[in-house]
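Trainee: Could you have a look at this structure, given as structure tokens, before my questions?
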Amino acid sequence: MSSYENHQALDGLTLGKSTDYRDNYDASLLQGVPRSLNRDPLGLTADNLPFHGADIWTLYELSWLNSQGLPQVAVGHVELDYTSVNLIESKSFKLYLNSFNQTRFDTWETVRQTLERDLRACAQGNVSVRLHRLDELEGQPVAHFHGTCIDDQDISIDNYQFTTDYLQHAVSGEKQVEETLVSHLLKSNCLITHQPDWGSIQIQYRGRKIDREKLLRYLVSFRHHNEFHEQCVERIFNDILRFCQPETLSVYARYTRRGGLDINPWRSNTDFVPATGRLARQ
């Protein structure tokens with residue numbers, strides 16, 4: 001259980017509550033969650049963040065009416081900057097997108113600008129939005145995370161409670177290595193509803209070699225942990241940086257979609273360009 005799971009800042013969220021679906025545009029449906037909720041316990045403040053990054057959202061269920069009433073569909077790509085005051089709560093995002101369904105917009109650009117304006121207001125930070133026609137995306141191959149998968153280890157696990165203990169003394173040798181490690185076994189739970197969130201994670205670092213068994217045990221320990229996607233990625237970044245002390249570090253997770261949305265947060269302290277192709281489970 002997260003230390004802030006019952007924080008009053010979460011009281012007003014529609015997440016976990018019965019809600020009506022509106023199909024006429026309503027920006028008030030968007031709800032933000034302060035990033036400080038998970039950053040404060042980690043000792044992170046806006047002026048001492050050890051990373052940069054973004055939350056990348058893919059919007060698969062986006063539709064509206066053109067000026068003549070003909071339905072339009074698109075796939076949206078949203079990038080929410082890590083410096084925003086709030087992250088966007090996903091159920092409210094879904095409800096907000098549904099409100100476009102029976103609303104007329106003159107142009108695609110008007111839709112894009114509307115999304116960008118509303119998301120920036122909710123997040124209190126920088127947001128960029130791109131809209132793609134379906135024929136732009138047809139035929140795109142399923143992508144994969146570059147790196148060495150650490151999942152196929154012959155180990156026994158019987159503890160699924162989150163702990164950083166596995167990262168203590170998890171590095172060895174004095175030689176600097178540079179490697180990219182991948183796991184598809186990341187599973188955490190929604191902070192509010194405790195529904196499972198499934199993801200794949202890519203960890204790039206340069207530093208003393210990290211023990212792969214200990215790293216995998218640490219990642220598996222999220223299995224009963226309740227936090228939002230973005231919060232988990234920041235926790236993983238912070239824990240690896242704290243205990244393993246790599247010179248450079250990038251952590252990137254791509255989660256399976258829910259409600260027509262997938263969330264793909266990344267954090268890095270070096271030059272890092274995230275590949276945005278959808279993975280096999282997305």
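A Cβ is built for glycine as well, from the same backbone N, Cα and C atoms used for every other residue.
The annotation substrate binding site is assigned in Swiss-Prot to ILE88, GLU89, SER90, HIS229, GLU230 on the grounds of sequence analysis. If you look up Swiss-Prot, you'll see SER90, LYS91, ARG258, GLY259 marked as NADPH binding site. Sequence annotations record features per position, and here Swiss-Prot assigns active site, thioimide intermediate to CYS190 based on sequence analysis. Annotation comment: Swiss-Prot describes ASP197 as active site, proton donor, evidence class sequence analysis.
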Trainee: Taking DSSP three-state, what's HIS229 (substrate binding site) in: helix, strand or coil?
Mentor: helix
Trainee: Select the most exposed residue of LYS91, HIS229, ARG258, where exposure means the fewest other Cβ atoms within 10 Å, treating these as the binding-site residues.
Mentor: ARG258
Trainee: Reduce the DSSP letter at LYS91 (NADPH binding site) to three states and note it down.
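Mentor: The three-state answer is helix.
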Trainee: Cα of HIS229 (substrate binding site) to Cα of LYS91 (NADPH binding site): how many Å, rounded?
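Mentor: Computed Cα spacing between HIS229 (substrate binding site) and LYS91 (NADPH binding site) is 13 Å.
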Trainee: What does the structure give for the C-alpha distance between ARG258 (NADPH binding site) and GLU230 (substrate binding site)? Integer Å is fine.
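Mentor: GLU230 (substrate binding site) has its Cα 15 Å from the Cα of ARG258 (NADPH binding site).
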Trainee: According to DSSP, does GLY259 (NADPH binding site) sit in a helix, a strand, or coil?
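Mentor: Once the DSSP labels are grouped into three classes, GLY259 (NADPH binding site) ends up as coil.
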Trainee: Between the residue listed as 'active site, thioimide intermediate' and ASP197 (active site, proton donor), how far is it from one CA atom to the other, in Å?
Mentor: 7
